[in-house]
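Below is one structure; the comments refer to it alone.
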């Protein structure tokens, strides 16, 4: 894909395709090709014969094999060609081996009869080298079908790659997941367990030292072997066993030496920390049982309505607590080994074998998501510490704004200077705005004069870049009447946001766009999908699915990372951290995504509105990681492309050591005999087998697409017919694009080499057309799932239902950082959007309460998903419960009868358990008490405001069909630090918590006044009511502080609402008249006394 192709705009349905070039763009550069042959056994060049001709080992099929491997195969191997199985004939210059045909030529006697000094050092070295090598090349050959690849005669454990700096005696399998990358395979020696071990033949006349036994080298090797076994044993013990869901091991991949050690490690929470936590949860459950038994069996006759409401609310809170608490039963942490990843896949001086990654950045409105913020995110991606040819950045502009397009063009030019500067000095973070804002002494570790000089120059360059971006923003404030035009006078295709063609522009790429030092830059692609009236575009989920298809056509990396436009890469090695899980041979096969926690910049020190969400990211997510993995939170997540395509997770193979070891031998024989009988009955002739691709439907009635086994021996006509049927099925699922459908079958990624750039561009425009997803499974079973504004929950839920597991990765340095809303109104609107999405899922077909049973979803993982969609409903009992204290104080009644000693014991035990649970959670997770308390406060604030409105809006949408649109949270900020913190924006979300505050304040005043008026005996019952009211007020305190703001900026609307509500409750207070003394004596009418 060429970077200089220009902006490509078009519509597949209208058969339009236009290429708009920018002024001064050079033409496309020719692409260089190499035509050298590589040995398919060892990976070296095939080489030439002494006559200068290419060396050909097999005259039948000309399979590429070098001379050394040819001689070794004839001398020590099968003597057959790995491809056509024809016996190798002796070539001129090669030694004769048993079985060769008789030859009359005598021009090569020396080599024919192998007259060579066996003690020659070169000969010995070659023999030792060949003794540790075997044949097989992992990658598919260019132009050769997969089923024609060489098949070794001994079973191989796996495919792999050799680490060249490891001594030959330590060579081991190094798995690789790269397709077409030239993988070398070094299999373990295969030994049939049914045969006796063959002793090594030795000449009695020779000293044992000649064989290595008893020598110093032999002793050193033995000591080295023992140390390795000890390290492996220790590593296994440190691993902490298996995951709760049984993942983590693969019987086909035994651990061997350092080159085969895992790339990551699971670290369970210490039992001294987590066991008391589990015990207090069980105790709290028991106490809750006794507590509810007392509450239900002891109603309050004179306040039955208040008692009934309170009991219902408390039961709901208990159920909500169970759903939230038990998914945290198995908390774990993880550790990665980047040095092992580098040793295995990214060795210095060699071509990197790390898997390619496609980066997705989504933006909608450049006025609410400033282009400078998006530019910093893109720059941090382009400068990431990852091989350049493995990185591709796709920016989705769902608003089709020319401002975003021009800002991205400026960003690509500035990247040519910024990227080499970051990599030369290993800067962190690599987003220039945040790097230059760091309040650190940058001269502390960088004392080189060149760095100081270049840093100052780069800062000037960045300030000029900001001026250009801000000038574009200022220019975009006033839209011309005729619409925007490009530099060459062409009208901007996206002038009509709701009706425009699809647009693609490659700014940087392999064939164009090098930095100032002449080095290649990662690919940068601008994408704006087609939009037409009458089509449902599914908001962000639809945009992400369009990026999935475009990237599959152009680059098709096996892994994808999605980021919001305001989340930049704070740790340049974050992608390698994710690859430690994805490319790990032990745990990587079943991992669908690696989720990183969200961290934020620009939040005030006290985190008044719980923007950091520390409790969720550092407690809940760690607990889920011990079950089936964390839920997807919408950004900062590395996906496996195949998992997004709706494929089922690979099934785990049960190790042989775990089967039938505890059964008698006669039982094993019976089982084995029964299996053989069944196999004989179900066996089919080879002629009936055919290569096929089938789809299977899971028990949960959700289609899952899994590749079936590929068998050989099918006749050509039947095979072709089956292929046509399978192609039709795939197009029905994935859409009418043959290029994209073909890419979905490449598990390790890669693009079609036969396709031209022009055809790829045309296909890319096709897959982002507005009608491409019609009558397909996009948004239903494939990609980001539609049906909710919180598409992230549904997407992760579907993958977990297919049996995949996810991983939670918390690097020491935060992987990504973003911006969070600082003022109260924006924060409440953000929470409203999340809660509304949960309500939409609750009423959808994908509700975790009834969807996905019989699939791969774990029970406790389901608890977590159920909690994520029912939590907004807690707002109704929470609002009622927060109103009860004021009603009790105003009416003089209470929700419980007079407490006995036993009742007091249950109440005190419950309070102690609640506090103990929180303390022990903070203890094992490392969360501070400030963060924990802020989370508790905002749970009440959000519950009585945003969550409550989300419930009513969701009901309106389901019952009346009234759809509520959400607004994008503003990412811009004032120049003054924390200036947005005190900005007040009126919204109806503020009415319920404001009313609760005033109501409880009036109730407290009324209760105290009533107690003063009635004497000392009324103070006892008052304490319980006052504690209840102050519990509500303390939880709403951050809301009160945000509502009032600065003393000189108290908004008028707050004063008006306060006076209005205070007047209403004052009238109610006068009606109650608490200062009037109450006569508790007998009624005169009843006693019969006439006081007149």
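Residue positions begin at 1 at the first shown residue.
Including glycine, each Cβ sits where the backbone N, Cα and C put it.
So that you can see what the record holds, here are the features copied from Swiss-Prot:
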- 1-279: topological domain 'Cytoplasmic' (TOPO_DOM)
- 39-85: zinc finger (ZN_FING)
- 39, 42, 66, 69: Zn(2+) 1 binding site (BINDING)
- 58, 61, 81, 84: Zn(2+) 2 binding site (BINDING)
- 280-300: transmembrane segment (TRANSMEM)
- 303-323: transmembrane segment (TRANSMEM)
- 324-868: topological domain 'Cytoplasmic' (TOPO_DOM)
- 362, 368, 369, 398, 539: UDP-alpha-D-glucose binding site (BINDING)
- 398: active site (ACT_SITE)
- 450-479: coiled coil (COILED)
- 792: active site (ACT_SITE)
- 869-889: transmembrane segment (TRANSMEM)
- 890-901: topological domain 'Extracellular' (TOPO_DOM)
- 902-922: transmembrane segment (TRANSMEM)
- 923-938: topological domain 'Cytoplasmic' (TOPO_DOM)
- 939-959: transmembrane segment (TRANSMEM)
- 960-987: topological domain 'Extracellular' (TOPO_DOM)
- 988-1008: transmembrane segment (TRANSMEM)
- 1009-1019: topological domain 'Cytoplasmic' (TOPO_DOM)
- 1020-1040: transmembrane segment (TRANSMEM)
- 1041-1049: topological domain 'Extracellular' (TOPO_DOM)
- 1050-1070: transmembrane segment (TRANSMEM)
- 1071-1092: topological domain 'Cytoplasmic' (TOPO_DOM)
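In summary, the transmembrane segment (280-300) lies against the transmembrane segment (902-922): three or more C-beta pairs, each 6 or more positions apart in sequence, are under 8 Å. Counted over residue pairs separated by six or more positions, the transmembrane segment (988-1008) shares at least 3 Cβ pairs under 8 angstroms with the transmembrane segment (869-889), which defines the two as touching. Same-chain residues lying 6+ beyond the ends of the transmembrane segment (303-323) with a Cβ under 8 Å from its Cβ atoms: 285, 288, 292, 295-296, 863-864, 866-867, 870-871, 874, 877-878, 880-881, 884, 887-888, 891, 893-896. When secondary structure is read from DSSP and collapsed to three states, residue 362 (UDP-alpha-D-glucose binding site) falls in the strand class. According to DSSP, residue 39 (Zn(2+) 1 binding site) sits in a coil region rather than a helix or strand. The local packing around residue 42 (Zn(2+) 1 binding site), expressed as other Cβ atoms within 10 Å of its Cβ over all shown chains, amounts to 23.
Reduced to three states, the DSSP call for residue 69 (Zn(2+) 1 binding site) is helix. Long-range neighbours of the topological domain 'Cytoplasmic' (923-938) within the same chain, counting only residues 6 or more positions beyond its ends whose Cβ lies under 8 Å from a Cβ of the stretch, are 269-270, 273-274, 277, 331, 606-610, 612-616, 618-619, 622, 1034-1038.
In this structure, the CA atom of residue 792 (active site) is 52 Å away from the CA atom of residue 69 (Zn(2+) 1 binding site). Sequence-distant neighbours of the topological domain 'Extracellular' (890-901) (same chain, 6+ residues past either end, Cβ-Cβ under 8 Å): 295, 298-300, 302-303, 306-307, 309-310, 884, 907, 1002-1003, 1006-1007, 1010, 1021, 1024-1025, 1068-1069, 1072.
Apart from the site residues 58, 61, 81, 84, the chain places the Cβ of 57, 59, 60, 62, 63, 82, 83, 85, 86 no farther than 8 Å from the centroid of the site's Cβ atoms, the recorded Zn(2+) 2 location.
A Cβ distance under 8 Å defines the sequence-distant neighbours of the coiled coil (450-479), meaning residues of its chain 6+ beyond its ends; these are 366-367, 370-372, 375, 401-403, 406-407, 410, 414, 417-418, 421, 425, 432-433, 436, 442-443. Ranked by CA distance from residue 58 (Zn(2+) 2 binding site), the binding-site residues 66, 362, 368, 369, 398 have 66 at the top as the closest. Among the listed binding-site residues, namely 368, 539, the Cβ with the most fellow Cβ atoms inside 10 Å is that of 539. Considering only the binding-site residues 39, 61, 66, 81, 84, the residue whose Cα is spatially closest to the Cα of residue 362 (UDP-alpha-D-glucose binding site) is 39. Across the fold, the C-alpha of residue 81 (Zn(2+) 2 binding site) and the C-alpha of residue 69 (Zn(2+) 1 binding site) stand 11 Å from each other. When DSSP labels each residue, the topological domain 'Cytoplasmic' (923-938) comes out as 13 helix, 0 strand, 3 coil, counted as helix, strand and coil in that order.
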